[in-house]
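Engineer: Can you read through this structure? Questions will come right after.
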Amino acid sequence: MASLRGSETMCNITTSCNVDSNIDQFFQPTLYIIVIVLGFPTNCMALWAAYMQVKQKNELGIYLMNLSIADLLYITTLPLWIDYFVHHDNWIHGQVSCKLFGFIFYTNIYVSIAFLCCISVDRYLAVAHPLKFAKVRRVKTALLVSAIVWLTEIVANSAPLFHDELFQDRFNHTFCFEKYPMEPWVAGMNLYRTFLGFLAPWGIMLAAYRGILRAVRGNVSTERQEKAKIKRLALSLILIVLLCFAPYHVLLLWRSVLFLINPCDCGGEENLFGAYHVTLALTSLNCVADPILYCFVNEGARHDVGRALATLLGLFQRGKSPETLMGASITVETPLAVKKPDFYSEVKTNAYKNDIEVLKDECLQMTILSVKK
């Protein structure tokens, strides 16, 4: 431990890795602008669609709302990061703003992953165990789980708020939320982020969708076309999480391991700098993929959003009250907004028959947002 602290002091005093910040001037700003242009309006519409589901007492809407909120918070940080990269990785907005926007930026990566995991588990319970876990899949439970997710990720990622996050390099650039070589506490935090923030939720998602596919294959009442759609959607979710987040966490883990082996070695940092920044930028594509995957590929939700936009345009043209929007554009039986049946009231009359019918309804109507209206 003493030698590690000595290495940290030596690195702080004598070592500043010669990373090429010029490579960030075009790719990251361009990508972030695209994410803002596409991600902000689509997440706003996804947030509205999720709110409509919550009004229908659908617990899935809670997770989707939180996912959209996390994406929108992430997007609000991008303008300052665009400015940062345009100025060759030079933060000009002070220590407080660096801490705040860096904290929001990185925390919401893991909040998004966590809520994608919650959605996966919720869909697994809806498809594979619609009766057994009916009481668990409620709005109150979803609210409690959401609060736990936010609290856990905020606490787990709060360490940078208590450290200086502005660092000068040898070219007088002011780095924000990055130091080359990294600090020991950052390496430890990166290990937590990689294994518990990314790999653990992704493993749960893989297990959940494996269970979904197994349940779908064993359900004779689901049409062949619907089964294929469910499988495509499940695979799309896994691939999006893999493509958006896995490259970044591979390099994050690589950098951290290299540092722990040789704390003051700049060779690895300099070689990985460009690729690391590219993979970090690619995580932003999740903000575009989330609303597309969970809302706009779905016929019912897409129809709702189209009706809402048409109604909104009509209100502006005719000058009517905006309140008419709330009652004029809800497709109650979209795959996202189907109300769960009251299992226990109907079972009183004919338990066996109604259990079978409810099971069929759940499997047909609640299979990963993909049942046709």
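Glycine residues also receive a Cβ, built from the backbone N, Cα and C atoms like all the rest.
In case it helps, Swiss-Prot gives these features for our protein:
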type	residues	note
DISULFID	C17-C266	disulfide bond
DISULFID	C98-C176	disulfide bond
CARBOHYD	N12	N-linked glycosylation site
CARBOHYD	N172	N-linked glycosylation site
REGION	165-180	region 'Extracellular loop 2 (ECL2)'
SITE	E153	site 'Required for activation'
SITE	H163	site 'Proton sensing'
SITE	H173	site 'Proton sensing'
SITE	H277	site 'Proton sensing'
TOPO_DOM	1-16	topological domain 'Extracellular'
TOPO_DOM	54-57	topological domain 'Cytoplasmic'
TOPO_DOM	89-93	topological domain 'Extracellular'
TOPO_DOM	130-137	topological domain 'Cytoplasmic'
TOPO_DOM	165-180	topological domain 'Extracellular'
TOPO_DOM	219-222	topological domain 'Cytoplasmic'
TOPO_DOM	259-268	topological domain 'Extracellular'
TOPO_DOM	298-373	topological domain 'Cytoplasmic'
TRANSMEM	17-53	transmembrane segment
TRANSMEM	58-88	transmembrane segment
TRANSMEM	94-129	transmembrane segment
TRANSMEM	138-164	transmembrane segment
TRANSMEM	181-218	transmembrane segment
TRANSMEM	223-258	transmembrane segment
TRANSMEM	269-297	transmembrane segment
Engineer: Among the recorded sites listed here, H163, H173, H277, which has the most company in the form of other Cβ atoms within 10 Å of its Cβ?
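Structural biologist: Counting Cβ neighbours within 10 Å, the top one is H277.
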Engineer: Please report how many Å separate the Cα atom of N172 (N-linked glycosylation site) from that of C17 (disulfide bond), as a whole number.
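Structural biologist: Between the alpha carbons of N172 (N-linked glycosylation site) and C17 (disulfide bond) there are 12 Å.
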Engineer: Including all protein chains shown, what's the count of other C-beta atoms within 10 A of the C-beta of C17 (disulfide bond)?
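Structural biologist: By my count, 19.
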Engineer: For C176 (disulfide bond), name the DSSP secondary structure in the helix/strand/coil scheme.
Structural biologist: strand
Engineer: For E153 (site 'Required for activation'), write down the residues of its own chain that are at least 6 apart in sequence and whose Cβ falls under 8 Å from its Cβ; none is a fine answer.
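Structural biologist: Result: T107, Y110, V111, A114, G197.
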Engineer: Ranking 58-88, 94-129, 138-164 by Cβ pairs under 8 Å to the transmembrane segment (223-258), which is first?
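Structural biologist: Comparing 58-88, 94-129, 138-164 against the transmembrane segment (223-258), the winner is 94-129.
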Engineer: Against the transmembrane segment (181-218), which of these stretches has the most C-beta pairs under 8 Å: 58-88, 94-129, 138-164, 269-297?
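Structural biologist: Maximum Cβ contact count belongs to 94-129.
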